[in-house]
Amino acid sequence: MRPRKRFGQHWLTDQQILDEIVAAANLQPTDRVLEIGPGKGALTSRLLPQVEALLSVEIDRDLCKYMVKNYGDRPNFLLLEADYLQTDINEFLGDFPQFQNPRKVVANIPYNITGPILEKLLGTIDRPNSNPFESIVLLIQKEVGDRLVAHPCTKAFGALTLRVQYLADCETVCVVPPKAFYPKPKVESVVVRLRPRPLAQPAQNPKLLATLIKVGFASKRKMLRNNLKSLYNPEILDPIFADLDISPQARGEEVDLLQWIALSDRLNDYPKE
């Protein structure tokens, strides 16, 4: 059985990296875990002995047959043949109470759908996941992983950074070279761990914050003030920027998350143009 390009399949074969992914999940015997895209079960085989229940979601019908043949007799394993992005797993689990409400996620996901999967797992700034996971360990493209953990004033810092860091703490576990996969991808990969959590001081108007971030990074070469002029008069923006110690020449990537939240809270008192 060969990986299918249309599903973005690259199977992880490096045993050390597989062990690092499982270690990063910090599994307990009572854990219920969600695995997205199990492939041929390289991670599955390591997860099953350590958890109470493992729900694996796989879109590839042939791989589902393979997984059922090799793991279908395990009492703590349940396979759902479905597109994770289009499926409400809770609807499927009504007759399987042992697998309901998984609290941890471990997955080697197709790189071309990383953004949508992150959004489904975490929610959005204005609509966060109402039942957040305890931890999410993902193997993703390094370029995207760098953006998740980026700091202000760096090239990787951007809208995705803010959207994810508003909802979760993010850290890099390890870098994964192309040779760790079959077939080899053309890019480096990285294992990241996300721990969803509420902010101590969330935005007063999360929808406005999401809008500001979108507009603020609409043209990264422009100064933030100039991007936001499409929403607010400079007479409103300038004194607020000064109060928040944001330079009039600052670009979006030079403003940290707390400053973005403070900016949103201040602008919440004014109608958009």
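Glycine is no exception: its Cβ is also placed from the backbone N, Cα and C atoms.
As the structure is a computational prediction, the values presented were derived from the model and not from experiment.
Among Asn101, Asn108, Asn112, the residue that Swiss-Prot places alongside His10, Leu12, Gly37, Glu58, Asp83 at the S-adenosyl-L-methionine binding site is Asn108. Residues His10, Leu12, Gly37, Glu58, Asp83, Asn108, recorded as contacting S-adenosyl-L-methionine, have a largest CA-CA distance of 20 Å. In the three-state DSSP scheme, Asn108 (S-adenosyl-L-methionine binding site) is classed as strand.
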